[in-house]
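Step one of this worksheet: look at the structure below.
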Amino acid sequence: RKGWLFWRVMARGRRSRGTERQVILFVLCICVCQSGAETLRYSLAEEMERDSFVADVTKDLGVSPSQLAARKARVVSEGNERYFRLNPNTGVLTVKETLDREEICPQSDICTLFFKIFFENPVQLIRGEVEVRDVNDNSPVFPEKEMVLEILETASLGSRFPLESARDKDVGSNGLQNYSLSPNSHFSLALGIGKGGAKYAELVLQRQLDREEQREVNLLLTATDGGSPPRSGTAQVRIVVLDANDNIPVFSREVYEVRVAENSPPEQLVVRVTATDPDEGSNGKVRYAFTQTAERSRQLFELNAATGEIRLSGKLDFEEAENHEMVVKATDGGGLSAHCKVHVEVLDVNDNAPEIALTSLTASIPEDAPPRTVVALFSVRDRDSGDNGRTECAIDGHLPFSLTPTFDNYYELRTNAALDRERTAEYNITITAMDWGRSRLSSRESIFVQISDVNDNPPEFTQEVYTMSVSENNIPMLRIGSLNATDADAGENARVSYVLVREEGKEQLDVSVNSENGDVYILRPLDYEEVRAFEVTVRAADGGSPPLSAQALLRVLVRDENDNAPIVLHPPADGSAAAGELVPRWARAGYLVAKVVAVDADAGQNAWLSYELAKATEPGLFRVGLHSGEVRTARAVAERDAPRHRLVVLVRDRGQPPRSATATLAVALVDGFSEAHLRVSEEAPAADPDGRLTLYLIICLACVSALFLATAAAAVVVKVRRAGRGQAGTLPTFPKSAAESSAGSLPRSYVYDVCFAAGTVNSEFRFLRPLFPCFPAGLPHGPGDQRSSVCSANLGEEGD
């Protein structure tokens, strides 16, 4: 509705230029009503150069420089003086000119300048205060460089003679602190403090004056302030010794007290002081003058030197000074003087509205906050006094908040009912402060309070089980998917973080979850042959305190890649079976020659193997089963076919790209099955050697048996002798390698297995494992042991 009123007024302002001023005033009223409650406070030393840095308002207001420029921010000063400048592009607040605290805030210990930052689009006013700190830039200054005192030579000892006080525009410790007097034989210096706290100095006569001896006394009076380093000012005190004048002026009262309202007009009579002198002539004529009076009081009050009337010459301000103290000196024609004090009390009038100062504010309170929860603490000050300075506060509208007075005009803003964020998420509370003066003045302050959420909802996953897949041999830190959990709360309570639930005793997981967005990553390359699937539990926790959480199951499936070539199990790759497969010459078509056995570590289509004959001595004789790997004859074997054939079988999987391996088969066409184990030598003798070979074998078997029996007997004899003698004999040790034995080239005995085929002309031997160890000659021996090796003898016979 406010926006509608604003544009309606702007439209009417365009139609009628005569009402432009009314439109502007109305917009400014809306600005004031919508202005923010916060106050920016800064501090700045006086005498800073022009365009000196004061503050960066973007940091304090939480806005960017671009927002300042977009909203056309500018500084609006209170009064006609504009001391500050705001750069809308950078947000830097600077001084327009050098500030002199003594000029801006004379006679005030605290100097505060007020300004406002005005925003457009939307309209907003931000209050600001800058405290101008005093620096010791002023030295104490006497009103006159030379003070002349005329003192009768008959003045009694201990007489006091007031001196003109020095003025220091600085305040606090930088102000006037002490007086000192040059050494002399007649006077000492006495210091005093006036009613307003100002220090003054008086000369005290310590030794009788004698005009005939010394007509004048010259002294140097020094005033020093408390700055660091201190500053000082001096004045010459010239004392003229007069001849005797028996009477001095006498005031009708020593102290004149008067009260004047702060809104009194200039030229109004304040008081009239009167002093009389019974002397005649010039010695009885009295003239009046201010002495030991502050400069500000001299500006506000005017003294008639002839009549003693004191009138207003300036505007009084109760908030600036509640009273003024002046000293009036009455001097007769003979130089004698007397002093009286004039105390003027300024009466307050209701000319200041209450000021609301926010001390503490809880900008956000939880919706479960109990009643009587403190939201803000603020103070109300009215610079007036009495009923004019007495204030009362109230909240506009019907809101679940109340005000509780505490102490020293402080109030607490508290809740008085339960809050419901779902019904009202924020409150704009307007506080009105009003004084008790006859013409009541008031001011308003707006406080913005947000109702924060309470963490009462746990996160919820969109699925209970997430299934994701990844191909094996993946790159490290590969993203394979994302988990998603939502939280119905707001703010930090709705910020969801993800973490893997690790179980004790299990290895480190190969998966990782991004704690912020739930992305799932595989940490290292996976191997389908090692792990085909795994499951982990993922926990989603919100940012509340205490946090609430939920869990979901993450299942990762590993997809197989064709990264393994087929492995041929038969025939072996080392060629041990290359001696061949036997095929009788009477074999018909389809005769099973051999079967190529191969496996693939992959799975699925990558492990489907096919077999084909890649190379053959005679391609038309053999064929290979495409899926079985069986090698069969493609036709019947003919007499013209070569006796030996070499086949190369290609084993290939169906992966993309396919991988393959080869197997080599040697096939022999024979009339009998034993012929494949015999070495056919064309140079073999035609005679039948079976009888002699059989003899050799019988001899070898007998030697081996005899050697075994001899060894057993020797072992029994050795044990018997050890038991009889009680001493341990040394048994033969087995050599660790053939190099340790010096008895021939073969350190062990072997058993031979002979295959004979009926009708064959040759024989073939096949060496098997050693039957038992042999003892080489030259080994340590016990009683009864033979030094020569039986095995060596037998082997020698075999070699023959």
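Cβ atoms here come from the backbone N, Cα and C positions, even for glycine.
The signal peptide annotation in TrEMBL covers 1-37. Taken from TrEMBL, the feature domain 'Cadherin' covers 40-142, 143-251, 252-356, 357-461, 462-568, 583-687. Residues annotated as transmembrane segment in TrEMBL: 695-718.
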### Task
Go through 252-356, 357-461, 583-687 and flag the stretch with the largest number of C-beta pairs under 8 Å relative to the domain 'Cadherin' (40-142).
252-356
#### Entry: Predicted model, mean pLDDT over the domain 'Cadherin' (462-568)
89
### Task
Write out how many residues of the domain 'Cadherin' (40-142) are helix, how many strand and how many coil, based on DSSP.
15 helix, 40 strand, 48 coil
## Note on the structure
DSSP assigns the residues of the domain 'Cadherin' (143-251) as 3 helix, 54 strand, 52 coil
